[in-house]
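A.B. asks: Just lifted these from TrEMBL, have a look:
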- K80: active site, proton donor/acceptor (ACT_SITE)
- G182, L183, G184, H185, V186, G187: NAD(+) binding site (BINDING)
Amino acid sequence: MNVFSDTAFDGHEQVVFASDTASGLKTIIAVHNTNLGPSLGGCRMWPYATEQEAIHDALRLSRGMTYKSALANLPLGGGKSVIIGDPRSQKTPELFRAMGRAVEQVGGRYIVAEDVGTSPADMEQIASQTKHVGGISDGKDPARTGDPSPFTAYGVFIGLKEAARFKNGHDDLTGMRVAVQGLGHVGYHLCQMLYDAGAKLVVADLNQASVTKAVDAFGATAVSVENILSVDTDILAPCALGGVINDRTLEKLRVGIIAGAANNQLEHARHGDMLREAGILYAPDYVINAGGVVEVHYCREGKPVSDTNKHIKGIGATVREIFDRASQQNLSTSFVADRLAEERFGLRQHAA
Ligand code: NAD
């Protein structure tokens, strides 16, 4: 089992392995960097095939949070935790209370929130054991349910509009064609905002019921999941899976802008350069999908949702800075985003 030599280790400050025999908890808590503040990141519950796979995922995701929070101008570092187990059959209140005790032992250097396989209800159990937790309804504001997705969608919408402004000289989306891949928690909220802004939607999802709902509510045009990446539209918003921009899909793309919520949209870093060479403006995923982490932070600080939304609006200025630098220096927007994040959290100084 490798930790220090894992390809995603990247100078992690701390990696904690914790277990609880009674509840069956096996967790890895990874704290990548706390230069800007305590690390914050979701707790993913997943039936990892091997322990190495779980370690790798914790390290990779935790590092990503350092970059995301730095570019979101939050006083937070990057961390993440994984619970090895099947969320469909192995979740119990005891398991999450044990997780809460494990988080408590990290002493505030890691703040946990929900992620794939965990929910606001699970965070409530964790909260019975530690105060270092976010992603819970505050019971006061109906807009604050503990679900970060509407805030993530708002940040994506802001980033997408900024991309339209950079490309077209204005951010009026009236009549613009936007293809949305994935109509889940984030994708559906995004469709609502795009529809309200006058965009024409083209949608696809594996779940036919979600497609029908979007067609009925927004007059969206439905296409198959096989064709959504090759439709001729102004903008593509990937809101389903990672790795959708790759050698196979790049030549099919017929869009001017890519701006969506899905994490790790580029299969490899070089695909950022290939998008630039193809004249496609890419709004880096982790920059524009940071709305959820912003909300988790503001909720923990006891600040109103209006403050969250004001902060999320600032994603527009960050995206603009990335686009400007990338165009001045003939670099890909994804490369520039990484260097800007590193400047902010102080890893290294680059010329970009
Ligand atoms: P979700 O699971 O609610 O929705 C994903 C949707 O994509 C589902 O409806 C699923 O059926 C659909 N889908 C899966 N494969 C597909 C395919 N090949 N073609 C078309 N549709 C497909 O997830 P979510 O919370 O909406 O998150 C969407 C993406 O955004 C994920 O990559 C997630 O990591 C990322 N993200 C989410 C948040 C958040 O606040 N929820 C924050 C940051 C990033």
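Including glycine, each Cβ sits where the backbone N, Cα and C put it.
Note that this is a predicted model, so its numbers are computed, not measured.
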A.B. asks: From the centroid of the CB atoms of G182, L183, G184, H185, V186, G187, the recorded NAD(+) site, which same-chain residues not already listed sit within 8 A by their CB, in sequence order?
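C.D. replies: For the NAD(+) site the neighbour list reads S149, V180, Y188, H189, L190, D205, S210, C239, A240, A261.
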A.B. asks: Quick one: what's DSSP say for K80 (active site, proton donor/acceptor), helix, strand or coil?
C.D. replies: strand
A.B. asks: Looking only at C-alpha atoms, tell me how far H185 (NAD(+) binding site) is from K80 (active site, proton donor/acceptor), rounded to the nearest Å.
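C.D. replies: Spelling it out, the Cα of H185 (NAD(+) binding site) and the Cα of K80 (active site, proton donor/acceptor) are 21 Å apart.
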A.B. asks: List every residue in the same chain as V186 (NAD(+) binding site), at least 6 positions away in sequence, whose Cβ is under 8 Å from its Cβ.
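C.D. replies: When sequence neighbours closer than 6 are ignored, V186 (NAD(+) binding site) has S149, T152, A153, V156, C239, A261, N289 within Cβ distance under 8 Å.
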A.B. asks: List the Cα distance (Å, whole number) between G182 (NAD(+) binding site) and the residue listed as 'active site, proton donor/acceptor'.
C.D. replies: 24
A.B. asks: How big is the gap, in Å, between the Cα of L183 (NAD(+) binding site) and that of K80 (active site, proton donor/acceptor), rounded to a whole number?
C.D. replies: 25
A.B. asks: In whole Å, note down how far the CA of K80 (active site, proton donor/acceptor) lies from the CA of G187 (NAD(+) binding site).
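C.D. replies: With distance taken Cα to Cα, K80 (active site, proton donor/acceptor) is 23 Å from G187 (NAD(+) binding site).
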A.B. asks: Using other CB atoms within 10 angstroms as the count, which residue among the recorded positions K80, H185 scores least?
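C.D. replies: If we count Cβ atoms within 10 Å for the recorded positions K80, H185, the smallest count is at H185.
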